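Please read the structure below before turning to the comments.
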Amino acid sequence: MERSLKKTKNNYNNSIKSNLMKDDELFHVIHKVPCGDTPYVRAKHAQLIEKNPEMAIVWFWKAINTGDRVDSALKDMAVVMKQLDRSEEAIEAIKSFRPRCSKNSQDSLDNVLIDLYKKCGRMEEQVELLKRKLRQIYQGEAFNGKPTKTARSHGKKFQVTVQQEISRLLGNLGWAYMQQAKYLSAEAVYRKAQMVEPDANKSCNLAMCLIKQGRFEEGRLVLDDVLEYRVLGADDCRTRQRAEELLSELESSLPRMRDAEMEDVLGNILDDDFVLGLEEMTSTSFKSKRLPIFEQISSFRNTLVC
């Protein structure tokens, strides 16, 4: 009888422990916090549970210095720093500590850097990084010769194709040129991006390039494609609202005819390096040893600047 009671008690205790373990696992799954008590785990707990970004950065630094999941710690710390308007510090951290990170993490760090450069208005560095990433894709380096790669957003994994990545990078490059008032370069990039994977947001940006150059009718045609649902993403409310605002801006600008001086403004000066690379890559014929998937995108090589 006593043995039976002891066995029942042990089973009860084991059941409680099992339930506690399940609850603990469920907690980490729900809050997307890793298990354990390492510096990186403490950093994620401070970031996601305690909502204390300053403390999270302290623990991220400890994780980096002790070699605890350095890839994730550096990237996550940079994201938190950006949220705290410490983007310049985040840029220097990535540049200083990325040599400690694995080769597979470099692409993710580049993407964080692109956002940080944009946040800080460091357009020249953003443009150079975007061009380098586009060259890597064309040369077959970025995807390890595969047609897709796995990306992560908000804790969820998804597949990204070569074409989607090219379109995304070209979109970012076009926007960077826009901030530099290099509207012809931006136009060329957006047109190539639309050839790879058309979407309504890039159509709006292309229309803005044309409006800035006084090419109102061309801009109207591009906006019509959005407002008539002829491009992907045209049903998005914010995109449609932006297209309508651009159309209003266009119509208000129509009475002001473009004069000869407009040809000399900074916005109509094409990036010389961009043109040179465009012409050289268009005129150059060569045989490639790359995988077929990269041969399929060879028609887009003139988006890259040598």
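Here the Cβ of each residue, glycine as well, is placed from N, Cα and C on the backbone.
Among the residue ranges 8-30, 238-260, the one that Swiss-Prot annotates as coiled coil is 238-260.
Each residue in the repeat 'TPR 2' (71-104) gets a DSSP state, and the totals come to 29 helix, 0 strand, 5 coil. Sequence-distant contacts of the repeat 'TPR 2' (71-104), counting only residues of its own chain at least 6 positions beyond either end whose CB sits under 8 Å from a CB of the stretch, comprise 39-40, 43-44, 47, 53-54, 56-57, 60-61, 63-64, 112-113, 115-117, 119-120, 122.
Residue counts for the repeat 'TPR 4' (167-200) by DSSP state, with H, G and I taken as helix and E and B as strand, are 28 helix, 0 strand, 6 coil.
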